[in-house]
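Asks: Sharing a structure with you now.
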Amino acid sequence: MVGARSGKGKGRGRVGGGTEGSGGSSGGRAVPAVREARGERIADWADGRLGAYTLAKAQMRKVFPDHWSFMLGEICLYSFLVLILTGVYLTLFFEPSSAEVVYDGSYQPLNGIVMTRAYESALDISFDLRGGLLIRQLHHWAALVFVAGMIVHMMRVFFTGAFRKPREINWLFGWTLLMLGMITGLTGYSLPDDLLSGTGLRFAQGAILSIPVVGTYLAFGLFGGEFPGGEIIARLYPIHILLLPGIMLALIVAHLILVVYHKHTQYPGPGRTGRNVVGMPLLPVYMAKAGGFFFLVFGVLTLMAAVATVNPVWAYGPYRPDQVTTGAQPDWYLGFSEGLIRAMPGWEINLFGHTLALGVLIPFTLFPLVMLAIAVYPFVEAWITGDRREHHILDRPRNHPVRTGLGVAWLSMYVVALIGGGNDIIALRFRLSINAVTWFVRIGFFVVPVIAFIVTKRICLGLQRRDRDKVLHGLESGTIKRLPHGEYVEIHEPLSQARMFVLTQHEQPEPYDPGPRVDGNGVTRRVTTTERLRARLARAMYGTAARVAKPTPQEYRELQQHQELTGGDHPH
Ligand code: HEM
Ligand code: HEM
């Protein structure tokens, strides 16, 4: 089905079976000879009050393009729903209290141990509440998958250039969701007040303390005094269950409204243009698929929760500031910031009688900066290209080697820092020296992204060359033929027209050029440093070193003629 991008309500077919004008009251309406079906009566009732027909007509036949990578956003959505469902259940039994109690419950090894009521309630949920452990595990697994889903979804959007006009704002909404998701996770796994969550909070408090001038005040204010204080769990609780999920829910709604408003992008293919969407209608096809997919995500998460233990708080024991678990790890998405701090040398300087803990402050600042780099990327790229057009057809990542290289470099930086966050575990498991792992991270943080960039760019260029080859020479069939004069040639099968279109439809724009500095009359024109920088970046991004010229029709025709002469085979 093909839907138009511009104009509203292009759906065809009768929606809801309504025959009356929408929004109108049924006053003065003649009694129908045949009683309408119950569904139709309910639909009429709703339409009279909500204008349902107009809304449904415009949206229900909306076309959604089909591609597996468009399920990634859905995985984020469904794991968020699972988080809310399981989170609500947990709030019924979890008590965010730092009051001290002596444990006397089903988990024998901890009996008689002093702990907070928060930890005790987490143990009760795990051992004494029907389904409690499964729900706790499900909540935690959903959180891990939620953030992973966001990163993969973000990279899909990044590598295909779906962030370009008009979707820059939606990119920022998404990015904010990613940041909030990470913080919500941190506030969540800090709640049960086990030894691991306390260690994480100590880490966060140390990072806050390193902020110059206001750090101490902030830390004291947040924790209600000297660490750990008695307030933090009770303060994190409303932030975790209400404030952050509330903001995220609003942002997700805005995000999805924008997806509907802009209409979804589509991969290039014959018949797909920037003015249409080729795919399946929202109702019934897409709704059925989405509904099924929700249960699939829910089911897989439940299976993971049932068979793989995550955060066994009972094994860690209650938090005590004088103890730390060995191999303490944050959840994977914050391993990045942990790694930066672990790899950073413990520098400290004294400024006007105040200590500046650079060993913590620098990595603590670097983390948001690395994240910020990806947030502003769409705007930087738009500035470099000077492209103000709307884009609804996705790029093939290979056709943008520099962008793809930058994305992979960014990811590799993330992975190197993640290795740093688990330096002790990696050293232990692989029998390496922890110093060797730390030094690898220190050097790798700068070197690995550069290597990743260069390798990715080369692979992209190689793939472009391969595409060019396929268009001009067709597919290698593996059949070798001997010509009358003794030469061996491989028979090449021509590509389908559709494939040929996909491989050649991309644009290869000339990079921005500020023009000659001296014009025809010998007058020197001022070219600003910014213009020069922009031209240089544009050359790096789209210049001849960053693309393999796609075949011209002329080249193609010449080869075709040659082919006819040699009887359908390409000499190689
Ligand atoms: C709670 C988190 C998120 C949810 C529930 C969500 C949901 C969705 C859904 C369902 C779609 C349409 C299907 C698809 O393209 O996968 C979508 C598209 C989009 N998302 Fe997200 N997303 C989230 C996070 C993000 C993040 C972290 C980013 C980027 C930083 C992002 C940027 C976008 C953009 C630009 C589109 C439009 C893509 C297009 O039309 O091709 N989203 N999102
Ligand atoms: C983006 C959304 C959310 C994320 C990423 C998230 C993440 C987490 C994580 C990782 C934990 C630690 C679980 C454990 O003990 O192993 C947790 C605990 C908890 N979460 Fe959430 N959560 C989210 C939303 C919510 C919502 C919406 C609610 C309530 C309506 C909620 C209520 C709770 C409660 C009560 C706990 C403590 C229970 C316990 O740890 O045993 N969460 N959350």
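Cβ coordinates come from backbone N, Cα and C, glycine included.
TrEMBL entries are annotated by machine, without manual review.
What TrEMBL shows for this protein is this:
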REGION    1-30  region 'Disordered'
COMPBIAS  14-27  compositional bias 'Gly residues'
DOMAIN    42-268  domain 'Cytochrome b/b6 N-terminal region profile'
TRANSMEM  70-94  transmembrane segment
TRANSMEM  138-159  transmembrane segment
TRANSMEM  171-191  transmembrane segment
TRANSMEM  203-224  transmembrane segment
TRANSMEM  236-261  transmembrane segment
TRANSMEM  290-310  transmembrane segment
TRANSMEM  351-380  transmembrane segment
TRANSMEM  400-420  transmembrane segment
TRANSMEM  432-455  transmembrane segment
Asks: Residues sitting near the transmembrane segment (138-159): Cβ under 8 Å, six or more positions beyond its termini, same chain?
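Replies: For the transmembrane segment (138-159), the sequence-distant neighbours (Cβ-Cβ under 8 Å, at least 6 residues beyond its ends) are 69, 72-73, 75-76, 79-80, 82-83, 86-87, 90, 167, 171, 174-175, 177-178, 181-182, 184-185, 188-189, 301-302, 304-305, 308, 310-311, 331-333, 374, 377, 395, 397, 403-404, 407, 411.
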Asks: Other than its close neighbours in sequence, what residues sit by the transmembrane segment (203-224), given a CB gap under 8 Å and a spacing of at least six beyond its ends?
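Replies: Non-local partners: 186, 190, 230-232, 235, 330, 338, 341, 354, 356-357, 360-361, 364.
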Asks: Please figure out which one of 70-94, 171-191, 236-261, 351-380, 432-455 racks up the most CB pairs under 8 Å against the transmembrane segment (290-310).
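Replies: Between the candidates 70-94, 171-191, 236-261, 351-380, 432-455, the best contact partner of the transmembrane segment (290-310) is 70-94.
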Asks: I need to check the long-range neighbours of the transmembrane segment (171-191): which residues 6 or more away from its ends have a CB within less than 8 Å of a CB in the stretch?
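Replies: For the transmembrane segment (171-191), the nonlocal Cβ contacts are 76, 94, 96, 118, 122, 139-140, 143, 146-147, 150-151, 153-154, 157, 163, 197, 200-201, 204, 232-233, 236-237, 239-240, 244-245, 247-248, 251-252, 254-255, 258, 311, 330-331, 333-334, 371, 374-375, 378.
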Asks: By a Cβ-Cβ criterion of under 8 Å, what residues six or more beyond either terminus of the transmembrane segment (351-380) are in contact with it?
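Replies: Apart from its flanks, the transmembrane segment (351-380) reaches 154, 158, 163-164, 168, 171-172, 175, 178-179, 206-207, 209-212, 336-337, 340-341, 343-345, 406, 410, 413-414.
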